[in-house]
């Protein structure tokens, strides 16, 4: 869905649920705090793409009961001098729970882009499995970006990992693409768009995917 930004849902997940969010205008007050509780045996999938030309301060917290499952994907583009902060916290409260968090961003100009996340596994949540990944590409030396995943683990019989990548274009990747016949500009655009497309294309509503791509093209991506 493409909701009014002031009406982002939250609540208890008692059946498998899929939520698609495409933000193209400012959040009400610039902020949102979304909380979900996922029952055991249920799964929550969230895809959030923020292409709004505005500040964003969004916190998402998911509590997993029993063997509940959650997948969160976030893609964001920060332009101008805006500040965008995304905090995704997943709490594993029951044994056999599972979560995956993936965040990809582009910081184009003088803006601030932050990807923050915490995966918490409670004592007794045996067999839980969590993974966080975050990547931001800076298109300007003035871009201020941060990728900061954290793991808080209170049980031994679990799987927990994270990955973070932050920086400008990889010169080796640019060189390789140019050696295949692309211009430098084409190579950079392919890398930039390519980092976001896996998340944009994961919308269940393919109309939202196409709309997001049109907006990305309009802002030079």
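Even glycines carry a Cβ here, placed using N, Cα and C.
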Handout entry: TrEMBL annotation (region 'Disordered') - matching range among 86-105, 106-125, 126-145
Key = 126-145
Completion exercise
Whole-number mean pLDDT, the domain 'SUF system FeS cluster assembly SufBD core' (41-194), equals 94
Handout entry: Positions whose Cβ lies under 8 angstroms from the region 'Disordered' (126-145), at least six residues beyond its ends
Key = 78, 88, 90, 92, 94-115, 117, 119, 151, 155, 157-169, 191-192, 195
Fill in the blank from the handout: What DSSP reports for the region 'Disordered' (126-145) is 0 helix, 12 strand, 8 coil
